[in-house]
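> So Swiss-Prot says this about it:
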type    : residues                                     : note
BINDING : T79, D83, M164, G187, G188, I189, V190, I191 : NADP(+) binding site
Amino acid sequence: MVLLPLKKDLVPFLEPYLPDEERDADKEKPYVILTYAQSLDSRIAKIKGTRTFISHEETKTMTHYLRYKFDAIMLGCGTVMIDDPGLNCKWWPEDEKPEHLAGISPRPIILDPNCKWKFADSKMKKLYEAGDGKAPIIVVKELPSEPEEGVDYLVMRTNFTGKMDWSDMLVQLKSKFNVKSVMVEGGGIVINDLLQRPNLVDALIITLGATFLGSEGVEVSPLVEIKLKDVSWWTGDLDTVLCSRLVTH
């Protein structure tokens, strides 16, 4: 995939919402942004279980610029099993062309409580073996009986409802794997869950594609009202980008 040049005005626009090692050094958890593309009717996919392209070329370049800026990129296993993404980075500064993309790529973190996804069969592994991507950290309820080679596992704690303890998982990522910043890309369940945890999300970067996907699409809509602050908008040729922070209670 050949990327379009990064729009120059995106760099200062995004800067206030990106990680800063000095500012974030004393924090127990990594710096976390929630970033995804949605349609005008708040859908992230046209039909459940299918891959849908919403953003356009200029904001695809922005996505890879963000990947260049973060230590790790997080997705739920459902999205990974549908899309089979590489999750590497294909953007770099003009004067810093890397020999291999692994050196500039974020580390994938896959939320896979029940060990459904297989690294061995994935595009991620092909990129890893070619030196163009990193091997993942897989977040599980318990270690699999046959751990996959090259993979690191993080055994998550659950809260009183049996759901993943987000706070503990993020703290473990920083303390055990030195992950200082994470961009969370999806899917729908993960996005909706984190939107309701403003104390864990440091910034929100949403790409709005110029399309409606219809009522059968996968909707992003938290159960409760969520208010935003520090809101900024960027408008491109076909997409608009919203950057903000979540109001904490």
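Heads up, the Cβ atoms here are built off N, Cα and C, so glycines get one too.
How about a rundown of where these features are and what they're close to?
Under DSSP, D83 (NADP(+) binding site) is assigned to a helix (H, G or I) in the three-state scheme. Other C-beta atoms found within 10 angstroms of the C-beta of D83 (NADP(+) binding site) number 18, with every protein chain shown included.
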> Counting every protein chain present, what is the number of Cβ atoms, excluding its own, within 10 Å of the Cβ of G187 (NADP(+) binding site)?
22
> DSSP secondary structure for G188 (NADP(+) binding site), reduced to helix/strand/coil, please.
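For G188 (NADP(+) binding site) - judged by DSSP and reduced to three states - the answer is helix.
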